[in-house]
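Student: I'd like to ask some things about the structure below.
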Amino acid sequence: MANKGPSYGMSREVQSKIEKKYDEELEERLVEWIVVQCGPDVGRPDRGRLGFQVWLKNGVILSKLVNSLYPEGSKPVKVPENPPSMVFKQMEQVAQFLKAAEDYGVIKTDMFQTVDLYEGKDMAAVQRTLMALGSLAVTKNDGNYRGDPNWFMKKAQEHKRDFTDSQLQEGKHVIGLQMGSNRGASQAGMTGYGRPRQIIS
């Protein structure tokens, strides 16, 4: 954001709303998970949005995180030995993380854009992506997730049912209650049309 001047008017209002979505408590939980998942050598960021952004900005920690969710020998992202210092290399590393996260199962609507992290435009979107990644890791339960499973919501899983042909045929003969009564046609309790209601006291 060093090359970008301050925003005014409507742009400032929009940026202010985006910044209010950032959750500091969630940041603590995500940092805790990343440290447990990747190991203590990743260090810890300074508290706050800026510290979190600087910590993840070069893409190396994110790449280590997504690699740690895969079994040994099938790591999707190549992590450089020395963290990249050139801007385009850092952005490329973040883009590789995003591709690997998408391949892991994170849906497009949960993904942040590279500039959201690199320029700190929408750190709440970065949090959303990491939450989605953590939720998927807990849901898959393949032994690669490390940390407290209660840190993330477990996603609902598909429960596929197979019916036999005879069960499907039986279902055709059942009158569903969506179609009205299943007790047969009857005019019990009906009054004749045009006849006034009889009120007896």
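Residue positions begin at 1 at the first shown residue.
Yeah, the Cβs are placed from backbone N, Cα and C, and that goes for glycine too.
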Student: Just to confirm what the record says: which one of Lys108, Lys154, Lys172 has N6-acetyllysine annotated in Swiss-Prot?
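Tutor: Swiss-Prot annotates N6-acetyllysine at Lys172; the rest carry no such entry.
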Student: Among Arg12, Arg49, Arg183, find the residue to which Swiss-Prot assigns the annotation omega-N-methylarginine.
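Tutor: Annotation hit in Swiss-Prot: Arg183.
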Student: Which residue counts does DSSP yield for the domain 'Calponin-homology (CH)' (24-137) in the helix, strand and coil classes, in that order?
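Tutor: Secondary-structure breakdown of the domain 'Calponin-homology (CH)' (24-137): 76 helix, 0 strand, 38 coil.
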Student: Where Ser166 (phosphoserine) and Lys172 (N6-acetyllysine) are concerned, what is their Cα separation in Å, rounded?
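Tutor: On Cα coordinates alone, these residues lie 10 Å apart.
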